[in-house]
Amino acid sequence: MAGIAIKLAKDREAAEGLGSHERAIKYLNQDYETLRNECLEAGALFQDPSFPALPSSLGYKELGPYSSKTRGIEWKRPTEICADPQFIIGGATRTDICQGALGDCWLLAAIASLTLNEEILARVVPPDQSFQENYAGIFHFQFWQYGEWVEVVVDDRLPTKDGELLFVHSAEGSEFWSALLEKAYAKINGCYEALSGGATTEGFEDFTGGIAEWYELRKPPPNLFKIIQKALEKGSLLGCSIDITSAADSEAVTYQKLVKGHAYSVTGAEEVESSGSLQKLIRIRNPWGQVEWTGKWNDNCPSWNTVDPEVRANLTERQEDGEFWMSFSDFLRHYSRLEICNLTPDTLTCDSYKKWKLTKMDGNWRRGSTAGGCRNYPNTFWMNPQYLIKLEEEDEDEEDGERGCTFLVGLIQKHRRRQRKMGEDMHTIGFGIYEVPEELTGQTNIHLGKNFFLTTRARERSDTFINLREVLNRFKLPPGEYVLVPSTFEPHKDGDFCIRVFSEKKADYQAVDDEIEANIEEIDANEEDIDDGFRRLFVQLAGEDAEISAFELQTILRRVLAKRQDIKSDGFSIETCKIMVDMLDEDGSGKLGLKEFYILWTKIQKYQKIYREIDVDRSGTMNSYEMRKALEEAGFKLPCQLHQVIVARFADDELIIDFDNFVRCLVRLETLFKIFKQLDPENTGTIQLNLASWLSFSVL
């Protein structure tokens, strides 16, 4: 229940703007300004208690407390490492980022790309920090985390060995912004070792809040040139690189002056007429040197003489140092990988860009209720969360004659790096997209069931199920309604996720879920209508006071269930018997009279019938995935979040719900619905309670 309250509070804060870049969430409630001022007033340097200068901050296995790699490590402040430490010298550049003894080259490549754009760098690395003015041993950075911007505070104690920084360091040795940025990122992910292994796109996204896609240029999609042009129009960050096959290859220069293992940026894509035919050209920037392409379409290439002088001047006169043009075919031949980070509208301050439309939806998989696994598990796949996508407007221009609506889908699993310390790692994740059948279009309150997925093929799906933080794909579909189903590969895997959809045109997205509904069959009973046989049974069971208490009810039901072979049960707990009595005890006596007992007896017989019918394997029990169908048979339609709560409350460790817990759940639900209905006679869907009333109902 605490988790639900926290989620509701977070939703309200997000609606008020908390989590935007301007109102970043204070990680672990640490406020940079407050902590720095406290240190300045006390004349002390900040020591971060939440990420201490101890082995636990380094790692858990290879960098664990007893690892040979962590022997002899000392934590030192930059003022202890060199005579004149600087935060940033002459702007952030690639040479500020040299890899240390940690396998986080993916992160460093993303940081290197970040230095190409000063405006975006300043969003992550606030520039007003130094080791001179108002120095208090504290620094702060901002990262995007699953739809929210988070401000992370660190002290400047850094791990060293033999007087040298152990991890990221600058070539000059006196510049520390990159080492402190790495430390802040390690903190938000649990420890330094958690950063080992990853994809550059992960860093791209956490530094920009964008959605990053990448292409192997050996197998480019046929419309890649158009994708690049559109990305540039939208202000996206584009990077390309040439793979290296060994450490010796790093920074090696090819015969046509391209540098291997080097992060280049793509800054232009144009088609020009040359000798009567159209040539596709790509403009590339090498921001860290004068080494430029010497192949066709370089600055001095005769091919430029075949281009209209005005076009040539327009393309070449505005080039910056290190920029050069090359043909698109040469680009595909020489470069290995292209990465595109599509930025969110709030990141782009220039109005000239055509901005993406962005939607983010959060969800979770919970073992036993909404963690259904992939299509290989048809009995549970349908129970995964479902999201409706309404594509209404086609793109303005066609790509290769294909009309439709372009959109990107990114499925991110949350906080998995942070859980590596506990032995967890990335789940294998993916998603499918299904066309909504015509008879269901326009409806958002129907969770598609098992039969739909048994008879319907996915219209699109993620390229693969993979154990990375994010699975991302670009699609183009005709206008219409589609349902997106994210899942882990195997069922029963707990996890939180967010889905982001970037679309060229406005589109609607929302969770698909059953509306809350209770169609409870009312049992009309007058004492005169109750047959004599039941009356005699009641007198025999109730005794002299002609009423049945919860304790007497427990004894009665235990005898009844002991005779049944088709339902496994140890009888009813006293708690279940008490809530059954509470549900029907209208006079407040704490006991059931003849009429009340008759109604309860009728309900229990109905519950038994449902339990047997849902138990298709005749095990005498019900698993948690069958519970959803059983609740529907009993008249309840509930959203996924409530199914998660029910499984957590009423299923055992093996996801079995016995008859006692099944009945307790149904009685609890019926009681809550009745209370709500009595307090909301106008059917507004809302009630108001003071604290005393809330507590009274909560302890039912």
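Glycine residues also receive a Cβ, built from the backbone N, Cα and C atoms like all the rest.
Since the structure is predicted, the reported quantities are computational estimates derived from the model, not experimental observations.
Going by Swiss-Prot, these are the annotated features:
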| type | residues | note |
| --- | --- | --- |
| DOMAIN | 45-344 | domain 'Calpain catalytic' |
| BINDING | I89, G91, D96, E175 | Ca(2+) 3 binding site |
| ACT_SITE | C105 | active site |
| BINDING | Q229, K230 | Ca(2+) 2 binding site |
| ACT_SITE | H262 | active site |
| ACT_SITE | N286 | active site |
| BINDING | E292, D299, Q319, E323 | Ca(2+) 4 binding site |
| REGION | 530-700 | region 'Domain IV' |
| BINDING | D585, D587, S589, K591, E596 | Ca(2+) 6 binding site |
| DOMAIN | 602-637 | domain 'EF-hand 2' |
| BINDING | D658, N661 | Ca(2+) 1 binding site |
What are the DSSP helix/strand/coil residue counts across the domain 'EF-hand 2' (602-637)? 23 helix, 4 strand, 9 coil
Neighbouring CB atoms within 10 angstroms of the CB of E175 (Ca(2+) 3 binding site), all protein chains considered, total 23
Tell me, what is the mean pLDDT of the domain 'Calpain catalytic' (45-344)? 87
Rounded Cα separation (Å) that holds between E323 (Ca(2+) 4 binding site) and D587 (Ca(2+) 6 binding site): 86
Measuring Cα to Cα, how many Å separate G91 (Ca(2+) 3 binding site) from H262 (active site)? 19
What binding-site residues among I89, D658, N661 are found with a C-alpha within 10 angstroms of that of Q229 (Ca(2+) 2 binding site)? none
When a 10 Å sphere is centred on the Cβ of S589 (Ca(2+) 6 binding site), how many other Cβ atoms does it contain? 13
By a simple count, how many Cβ atoms lie within 10 Å of the Cβ of H262 (active site), its own Cβ left out? 21
Rank the binding-site residues E323, D585, D587, E596, D658 by how many other Cβ atoms lie within 10 Å of each Cβ and give me the one with the fewest. D587
